[in-house]
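Enquirer: As listed in TrEMBL for this protein:
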| type | residues | note |
| --- | --- | --- |
| TRANSMEM | 26-47 | transmembrane segment |
| TRANSMEM | 59-91 | transmembrane segment |
| TRANSMEM | 111-135 | transmembrane segment |
| TRANSMEM | 147-167 | transmembrane segment |
| TRANSMEM | 173-193 | transmembrane segment |
| TRANSMEM | 274-300 | transmembrane segment |
| TRANSMEM | 306-325 | transmembrane segment |
| TRANSMEM | 368-386 | transmembrane segment |
| TRANSMEM | 392-413 | transmembrane segment |
| TRANSMEM | 434-457 | transmembrane segment |
| TRANSMEM | 463-481 | transmembrane segment |
Amino acid sequence: SKDEYQLAQLGYKQEFFRTLGLFENWAATFTTMNFISGIPMMFAFVMSTGGPQAAFANWTMVGGFSFIVSLAMAEIASALPVAGGIYYWSFYLGGKKWGPFLSWMTAWWNWAGWITVPCGVQQGATNFLLSALEIQYPNASILTKGWFAWLLTSIGILIAMLPNIISPRVLQLYFRFAIAIFFSLFFAYWIWFPVKANASGNFQPSSGVFQHFYNNINYGDKKQASDAYCWVISTLFVSHHPYSYDASAHLAEETNEASAVVAKGMWMATLSGWLLSIPTLIIILFCIQDFDGIIAATYSNNWAEYLMQLIGPSGSIAILVLLWVDSTCATASAFMSAQRVTYAISRDNVLPFSRYFRKLTSRHRMPLHAAFLVAAVSIAISTAVIGSSVAFSAITAMSTIATNVSYLFPIIARQTVGADVFIPAKWNLGRASGVVAAISSVWICYLFVVLLLPQVYPVSGTTLNYAPVMIGFITLVSLVGW
């Protein structure tokens, strides 16, 4: 086929079954970004790091820049549709001089980013489930134990692994199920929430949404973090959401008409997620009943307090359980990308024991051994939640930093050392390519700095943002390996 011929031209033999189309490629990125769980997952965080004003402004801004990045990525993906995605792009665009080094560094950064996404997303899912249990069983001491949260997260990761190891048909059915759950919650937000807020007579005025700023990241006796600093930190609320553009790229070797479909899946998922999420967030913010109560609550995720005020305990439990299901679906999508990246870099002998991790099942051609590695690493990383109050946000920051920086390498290479060797596919940006790449690069560099900053003051062993430590470790490992 044309897809197999193009893959061979890029240096690889067809090993996967090509059964996926535009819907699955769109769904892969859309369900990984998944704003319907992403907003509640970090809702309490942004209420303390800027309040409704920062939530709306940053969500709108970050989503716009993310769409621009997705365009830059889609242009490259259209020309180079391989499962390895980012690191192969760096190899191809870097040429003989820079290609090997750029691809090696990109592979480690991209893999490190994706390998931390499943545990971060599933920890967020666990917090939804714990909050539902806290409403139903308010005096159950087991719900406060770190090991119990870790156990629930580990079980969720194993559940998320299942559609990625059984068969391509199961993966297709999973995408349809995930989209159905997503839109069930979507319509609940759009219909149920406003109806209940209207019945209570407590819609927020526009000033309570667009002008309400709140700085609650200073835990000491004096104010160490300014309001401007707090505003910058609130970027994390949304920056973890639209970074998984390359989820579609990792399905390239399982997709029919990959050159066109993968690119469309990337930018369509990013754009549709952004356009649907903005009015959804506005509805949520206008339906806030008691802002101070949300800040003061002690649930595992204070989104539960938002729901309790608005729809009561029974409705809150139902929404929280649905959010757990939806977030676990997001984990499955993230797991898929981490698994495909693990397979791809093992195919090129980047990881130790690559011969083992690159193996596919004989019947359904699924990367089973790569899945085992992703599950093991994800469960191991999730143990961090036992001892740190900011482990979840640190893991989120780590995954966002690593994936975004890995995107930076091929985007810059496309316009510099790879400009002469890059042959645009039918889907391309034309003359806008350079401008889009420049904006994308500046934005990624800005995010890199922001996500390394402390998120709470004063900084202590339990509140330290460990993302810089993790990033330094990955960089050191990759350099030593090189």
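Yeah, the Cβs are placed from backbone N, Cα and C, and that goes for glycine too.
All TrEMBL annotations are machine predictions without curation.
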Enquirer: Looking only at the recorded stretches 59-91, 111-135, 173-193, 368-386, 434-457, which one has the largest tally of CB-CB distances under 8 Å to the transmembrane segment (147-167)?
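Expert: Against the transmembrane segment (147-167), the leading stretch is 368-386.
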Enquirer: Hey, would you say the transmembrane segment (392-413) packs against the transmembrane segment (111-135), going by three or more CB pairs under 8 A that are 6+ residues apart?
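Expert: Yes, since the transmembrane segment (392-413) and the transmembrane segment (111-135) share at least 3 Cβ pairs closer than 8 Å, they count as touching.
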Enquirer: What stretch in 306-325, 368-386, 463-481 has the biggest tally of Cβ pairs under 8 Å against the transmembrane segment (111-135)?
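Expert: It is 306-325 that shares the most Cβ pairs under 8 Å with the transmembrane segment (111-135).
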Enquirer: Please identify the stretch among 26-47, 274-300, 306-325, 434-457, 463-481 with the greatest number of Cβ pairs below 8 Å relative to the transmembrane segment (173-193).
Expert: 26-47
Enquirer: I need to check the long-range neighbours of the transmembrane segment (274-300): which residues 6 or more away from its ends have a CB within less than 8 Å of a CB in the stretch?
Expert: 35-36, 39, 43-44, 47-48, 51-52, 55-56, 59-60, 63-64, 66-67, 126-128, 130-131, 134-135, 143, 149, 186, 189-190, 193-194, 196-197, 200, 202-204, 208-209, 212, 214, 216, 241-242, 306, 309-310
Enquirer: Can you tell me which parts of the same chain pack against the transmembrane segment (306-325), counting only residues 6+ beyond its ends and a CB-CB cutoff under 8 A?
Expert: 37, 40, 43, 125-126, 128-129, 131-132, 135-136, 156, 181, 184-185, 188, 192-193, 196-197, 200, 284, 287-290, 293-294
